[in-house]
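*Asks:* Before I ask anything, let me first share the structure, which is written out below as structure tokens.
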Amino acid sequence: MEATAPRRRHLLPLLLLLLLLCGECPPVSGCNEKRMLAMLPRCGKTFAEMMKKVEVWKWCNLSEFIVYYESFTNCTEVETNVVGCYWPNPLAQSFITGVHRRHFHNCSVDRQQWQDPPDEILIPLIVVPILLTLAMTGLVVWRSKRAAQVV
């Protein structure tokens, strides 16, 4: 019993120190969505400030601002983790989507329209394999008949 008393005396200051140091730790109870939604706009504001350095006509070229976008993504991840939320989550994704709408609404993916090649190219591409298949089949049949006659 006497050995446990000194341990208990040291335990209380350690617990108090832990509580003091862990004042900014994420809550154990889970995600604090209100705090997350209050903190994420800082990331958006910082990203908007960085995007001002890029000319507007270059906003659709990811290579022009990839460093800024990476910083924005890291910021949203850190802010959601600080408040005890996982990342990505639906609220963070909707915030990120809003930032995308604000900055990249004029960027559309140009879908390439595929067309068949001209008939001069298409017909040989179809006919040659068919003729080769028929020729090889005929050759195999002819050789097998010839081999049967030799025996």
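Quick reminder: no glycine exception, Cβ is built from N, Cα and C everywhere.
Summarising the annotation, Swiss-Prot assigns disulfide bond to C43-C75, C60-C107 and lists similarity to another entry as the type of evidence. Summarising the annotation, Swiss-Prot assigns N-linked glycosylation site to N61, N106 and lists sequence analysis as the type of evidence. What Swiss-Prot lists as signal peptide is 1-30, and the listing cites sequence analysis. The annotation site 'Required for CALCRL interaction' is assigned in Swiss-Prot to D116, S144. Per Swiss-Prot, the feature topological domain 'Extracellular' maps to 31-116; the stated evidence is sequence analysis. As annotated by Swiss-Prot, topological domain 'Cytoplasmic' applies to 142-151. The transmembrane segment annotation in Swiss-Prot covers 117-141.
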*Asks:* DSSP helix, strand and coil counts for the topological domain 'Extracellular' (31-116)?
*Replies:* 58 helix, 0 strand, 28 coil
*Asks:* For the disulfide-bonded residues C43, C60, C75, C107, which one has the sparsest Cβ surroundings, going by other Cβ atoms within 10 Å?
*Replies:* C107
*Asks:* So which recorded positions out of C43, C75, N106, C107, D116, S144 end up within 10 angstroms of N61 (N-linked glycosylation site), measuring C-alpha to C-alpha?
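*Replies:* Passing the 10 Å Cα cut: C107.
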*Asks:* Just to verify a number: CA distance, D116 (site 'Required for CALCRL interaction') to N106 (N-linked glycosylation site), in angstrom, no decimals.
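*Replies:* It is 30 Å, counting Cα to Cα.
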*Asks:* Using C-alpha positions only, work out which of the recorded positions C43, C75, N106, S144 is nearest to C60 (disulfide bond).
*Replies:* N106
*Asks:* Residues sitting near the topological domain 'Cytoplasmic' (142-151): Cβ under 8 Å, six or more positions beyond its termini, same chain?
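*Replies:* For the topological domain 'Cytoplasmic' (142-151), the far contacts come to none.
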*Asks:* Do you know the DSSP helix, strand and coil residue counts for the topological domain 'Cytoplasmic' (142-151)?
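*Replies:* Taking each residue of the topological domain 'Cytoplasmic' (142-151) in turn, the totals are 9 helix, 0 strand, 1 coil.
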*Asks:* Would you pick out, from the recorded positions N61, N106, S144, the residue whose Cβ has the largest number of other Cβ atoms within 10 Å?
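*Replies:* Top count of Cβ atoms within 10 Å goes to N61.
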*Asks:* Ten-angstrom check, please: count other Cβ atoms within 10 Å of the Cβ of D116 (site 'Required for CALCRL interaction'), all chains counted.
*Replies:* 7
*Asks:* Would you report the average pLDDT that the model assigns to the topological domain 'Extracellular' (31-116)?
*Replies:* 90
